[in-house]
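Before any comments, here is the structure.
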Amino acid sequence: MIEVIEVEKSYGRKKILKGISFTAKKGEITCLIGMNGVGKTTVLNAIMALTPINKGKILIDGSPLDKTGLEKITFIPDTITMLPKMTIAEAMEFMNDFYTYWNQERANELLGFFRLNRKDRISSLSKGNAAKVNLMLGLALDVDYVLMDEPFSGIDMFSREEITNVFTSHLIENRAVIITTHEVGDIEHLIDKVVLLDDGLVTKEFSAEEARENEGKSVIDVMREVYQ
Amino acid sequence: MKNYLKLVNFEFNRIAKLFAVLLGITFVMQMIGVIVKSRQYLNIVNENIFEAMMSKTQFLEQVGQLSFIDIARSIWFTAPIAICAAGIGFYIFLIWYRDWIGKNTFAYRLLMLPTSRLNIFYAKITTILMMIIGLVAFQLILIPIEMSIMKAMVPDEFRNDLNVKELVVSLPQLNLMIGSSIGEFFLYYGSGFLVVSILFTSIILERSFGWKGIVAGVSYSALAIAVWLLPLFLHEFVLNGFFYPMELLILEIIMGLIVLTASIWFSRFLLMKKITV
Amino acid sequence: MKKYWKSIAVIIGIILSIGTFYVNSAISAEHYPVLTVQTVNGDVEEMESLIIEGAYRNLSSMNYLGTDLKITAQGSSYNSPSLLDRVTGYYPTVIKELKEANRSFMRGKSLAANQYFEDNQFLAYANIDQKISSLGSSKFNFEISVLNKADDEVNSFTLKVPVEDGLDHVFLEDVQLVKDKIYLITQNMTIKNDDFNDEKRVYEIDRISQKLTNQEALLKFTQWKESLHTHIQLVEGSPTAATEHIIMVKTEDTVMEDTESTRVTDSKQEIISYNLASKVTETINIPGLNLEENQLSFVKGSTIYFTRVEEQELIVTPYQLGANQVEQDYRIQLRSTIDNEHIESPIISVEEDKLYVVSRQIDSNFNGDVAVVDIKTGEPLFEGQITLGNSSEEHGDFEIYMHEISVKQ
């Protein structure tokens, strides 16, 4: 379980996060939803200790992020984080070198699934293909937690479909997934839990399924209620 | 340890091209220098002995023999050394900043690796050190080759042969690079290592706190160097030469180790708690 | 393994190249000429306590740094300047011994032997601290430390030097301690209306009351007066040898300045002694001893030793200051005079009734002399030669200059 507890964060004088708390459990897809600039990416960066927080705690399976924590978690930022001059094969080799839980079979499976050519250089990839490679590198790790930052932003329709398919596949099973997005439409039917962010606070945290079954509302309907 | 070695190899492969370019510049310029300087000297020999009919002994008295020191003092020889030094100085900064260039960058990948973040620091500093010592080693390999070219071009009676050690001792810029004993070598490169680690800490400060970090970095560097050289200052200005030289050397080594430890500890803290991608 | 080849290649390159360099330089460093002492006459035991110090230089290499060497009855030993030596720096054996014996007293003190005085009871040290204010006027302080060997008590104090008008610089030349009085012999330079004047001055300081009790100008002179150049040299005995006599050699050179060169056309020398106890200055006139031929080489107590080389003989003439008389001279056979054009008088030293004589220079072609003479009988106890031990080996051109001889007690 990833626990985000009362996290505060400022950039200069501007307070971006004013005490955010939520949890993400295994087997669930948790979706952080909010307008651009509301601090969704900051939350993910904070979980990975890529940016310091001013207050609060973030726990992975009950303890702060350390080396073992980093072995359990994979973060897929919104653009690819490999050296542009590397080929896809070299990027995979890099992952294989440093991660104990790198699953080469799964990586190959994903390569085939996305129809990627392992000899292509990162710098020569189209935006859609770069996003797929990014996803492939992140998902080929056999880890419990997956963080994804805006996996669909600026990606063409066909690539979007392919990526969405990943979420329904076995690649995601039994993992805790945190995904951020500012447009929920494409994945609405996939997500289990929604965390709505606004003005640095969690305005609502709810189960998508419960909302659907008990109240007959879609995620978008709930959002509409909250933001109006 | 394994991850550290892998990171070193990875970082070194990233600079391999620049390293090769520096080796190439050194090789080409120094080779040209040896040939040009030897030719120049032979021309003077020809002008004086064959055209102006000067006797050989007279010529040697007035002009003297050609020594490799004359070549090593020329711009052909020293310019590539200066270029390499500048290249390394530049790279000390680039080795960090290029990981932050662009939006989502390689810094993400490095910081997310399931290994101590200090390994990134160690790997980068090792790479810098490998590059510096690699260039020095290359220079040491080049010198005997250059000397044999000079030997092939200039006849025996017109040249003053010396070995590599003698050349190194005679030229301050080479002596500073290699040192005349292995102890000096460790002392020089130990100091270099300390200075680079202080610079690295300052860079990480900047990466953590932005423009405030620049101020902090500059202050930190000044403080670290002041603490390091404190015994020397005290010795000179306060204690009226209280220490014996040997004691001063040991004190400086101890202070250096303290500052190095502090720098590494501080960098570790920043990398773990304060760094921002 | 493919991706590791660059790093591995560079590391192997570094180890091979730098390793070879240091291994080679360690091997090549051992090619110093081995010198041995060959007995010509007498017993080599007589020079057992003699240590000759010099500097070796290889003329065929471009290495301008000399290497220190020591020669004893056992032969030569070299000490190439290692890192530690470079850091610790070179200093004379006297200072080295003082440092070893008095580690805490010697802390932060100058390395010049003439700033020390030592006898059985005391080790005294003086230094001049000159402070130049922004207005250009100077303040001088004597910093004095005296170690009482009996109780290891150190007595340190600072005294203001009375400054006369125009005093520009004070050089400390010697320190003596006689019966609770510390004597500092200085050369003071004054500049008044563009006139440069020098004087030798003696300051008398009471060790117990720590007060300046007397000061006196010994000699006043002007370094340059048109073509006349005057300089006065204080003859240094060993700092461990107390003396009541301050010996100075005054040289007056008439210098001709041509357009291209300067040369000395006339030179006059005078020996002046000052007795610290009686405060009497006198010019020493030694009938029959020509100062142009005889060189003042050594002072021990109240005896001055003059040397001159005549053909293959060194003639040492002792002169007694109190009695004002020349004593029987010593004649030492020289076997390896380097060349007759400019014979350098050997270094001499007198210790424990023995006169030690050592050549000043040895090189690839010439050996050096070493001799020990009984001062009472004038009989040579030992005569020998410092020769190249392994002459079969090629050493190229080298030269060794002796700069100090000392006798271990």
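Using N, Cα and C of the backbone, Cβ positions are placed for all residues, glycine too.
Residues annotated as transmembrane segment in TrEMBL: B:15-36 (among others).
Remote same-chain partners of the transmembrane segment (B:75-97), defined as residues 6 or more beyond its termini with a Cβ less than 8 Å from a stretch Cβ, comprise 11, 15, 18, 22, 25-26, 29-30, 32-34, 36-37, 124, 127-128, 131-132, 135, 139, 173, 177, 196, 199-200, 203-204, 207. Under the heading transmembrane segment, TrEMBL lists B:75-97 (among others).
The annotation transmembrane segment is assigned in TrEMBL to B:118-145 (among others). Panel annotation: around the transmembrane segment (B:118-145), residues 3-4, 7-8, 10-12, 15, 19, 22-23, 26-27, 30, 68, 81, 84, 88, 91-92, 95-96, 110-111, 164, 167, 174, 177-178, 189, 192-193, 196-197, 200, 204, 264, 267-268, 271 of the same chain, lying at least six beyond its termini, place a Cβ under 8 Å from a Cβ of the stretch.
Sequence annotations record features per position, and here TrEMBL assigns transmembrane segment to B:186-205 (among others). Here the transmembrane segment (B:186-205) has Cβ contacts under 8 Å with residues 92-93, 96-97, 121, 124-125, 128-129, 132-133, 176-177, 179, 213-214, 216-218, 220-221, 224-225, 228, 253, 256, 259-260, 263-264, 266-267, 270-271, 275 of the same chain, all six or more residues outside its ends.
Outside the transmembrane segment (B:214-234), and at least 6 residues removed from its termini, the chain residues within Cβ reach (under 8 Å) are 194, 198-199, 201-203, 205-206, 242-243, 248, 251-252, 255-256, 258-259, 262-263, 266. Annotation comment: TrEMBL describes B:214-234 (among others) as transmembrane segment.
TrEMBL lists B:249-271 (among others) with the feature transmembrane segment.
Same-chain residues lying 6+ beyond the ends of the transmembrane segment (B:249-271) with a Cβ under 8 Å from its Cβ atoms: 111, 116-118, 120-121, 187, 190-191, 193-194, 197-198, 200-201, 204-205, 208, 220, 224, 227-232, 243.
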